[in-house]
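These come from Swiss-Prot:
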- G74, 77-78, T82, 84-87, 101-109, S113: 5-phospho-alpha-D-ribose 1-diphosphate binding site (BINDING)
- G74, N104: anthranilate 1 binding site (BINDING)
- S86, E219: Mg(2+) 1 binding site (BINDING)
- R159: anthranilate 2 binding site (BINDING)
- D218, E219: Mg(2+) 2 binding site (BINDING)
Amino acid sequence: MKKIVFEKRDLSTEDSEAIANALMKGEIPEIQVSALLTSLAMKGESFEEIVGFARAMRNNAIKISYPEALDTAGTGGDGLGTINVSTITAIILSQLFPVAKHGNRSVSGKSGSADVLEALGYNINIAPELANKLIKENNFVFLFAQIYHPAMKNVANVRKTLGIRTIFNLLGPLTNPAGTRYQLIGLFSSKVMDIVAKAASLLDYKKVFIYHGEPGIDEISPYGYTTVYEITNGKIQQYRLHYSDFGLKRQIPIEKITATSANESAIKILRGVMGIDSDIRDFIGINVAVGLKLIGKAEDARDGFEYAMQLMESTIQHLRRIIESNGDIKKFDQLVRQVGKG
């Protein structure tokens, strides 16, 4: 720890993993944890440190084994309050590919993936033995971070007291308890893209897309350009996508795709997939399109967007089956009726 706190030097992957293991076992006093996390944030986390911490979090997680699945967990934290597009993207893609959606409560907007799924009627408190059953039944399961990463309770108080972004804000997407080897990762800042991409290239993934969109969202942007890092079997390729690459002929202002609560996010998501709100529909569509390319179901952005539009036609029925298996179907049906009337 002296290397970081006093000398501001990067830790090796091995040292980072050892320190993170000690943190999660509660072996380091809170005052030292606070100094460590603050020093890492001030110095800037290296990709070796992210790899080490991610491996420790994975080792300390309650695991389910479904490595050939996809996750769409982003970091959140962009502060712009967009609807939870990564969650509906996961649900739409699960019509074609198994998805183990790892998530938590809100970081950036008014609702995280856990919040919006609850608003739709889904039960987020899923034990590991049930998780395996659900993903086999419907190709989709939600893995609530608070259940599957119990060791994180040992740093929760310090993180809350500090009130700043720490290395743990980058780790959620890299620590899926199912060991998913396919991943869509939206980042809150373009400044961390290089280090997260390098870290992901060292973490046993088959294919990962990492992106950050204008004007500063952790999603594919309907407003301007999105920078994408595509990682395939450890090799990194970088490029940019513009909303026009998907076939969109208009810019969608960010205020058209935001929500102030989990319930509003859920309603707007349903309005999008039901074709009632074209701005939300297209925002969802471009994010699904990138996921379709990742899983090999689309050649390019435009092809993916067209396929995403087709998939949305069956999404309500698919989502209904998911909630019927694990949730409050009456709540969901009522919400769908409300949206349809409105």
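Backbone N, Cα and C atoms are what each Cβ position is placed from, and that goes for glycine too.
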Sequence-ordered list of residues in the chain of R105 (5-phospho-alpha-D-ribose 1-diphosphate binding site) that lie 6 or more positions away and have a Cβ within less than 8 Å of its Cβ, or none, is G112, A114, D115, Q146
Minimum Cβ neighbour count within 10 Å among the binding-site residues T82, N104: which residue? N104
Cα-to-Cα gap, E219 (Mg(2+) 1 binding site) vs R159 (anthranilate 2 binding site), nearest whole Å: 25
Quick check for the class: what is the C-alpha distance, in angstrom and rounded, between N104 (anthranilate 1 binding site) and R159 (anthranilate 2 binding site)? 15
For T82 (5-phospho-alpha-D-ribose 1-diphosphate binding site), just give me the three-state DSSP call. strand
C-alpha of G74 (5-phospho-alpha-D-ribose 1-diphosphate binding site) to C-alpha of D218 (Mg(2+) 2 binding site): distance in Å? 7
Taking Cα atoms as reference points, which of the binding-site residues T82, S86, D218 is nearest to the residue listed as 'anthranilate 2 binding site'? D218
CA pair S86 (5-phospho-alpha-D-ribose 1-diphosphate binding site) / D218 (Mg(2+) 2 binding site), Å rounded to integer, equals 9
Site with most surrounding Cβ atoms, counting all protein chains shown within 10 Å, from the binding-site residues H102, R159: H102
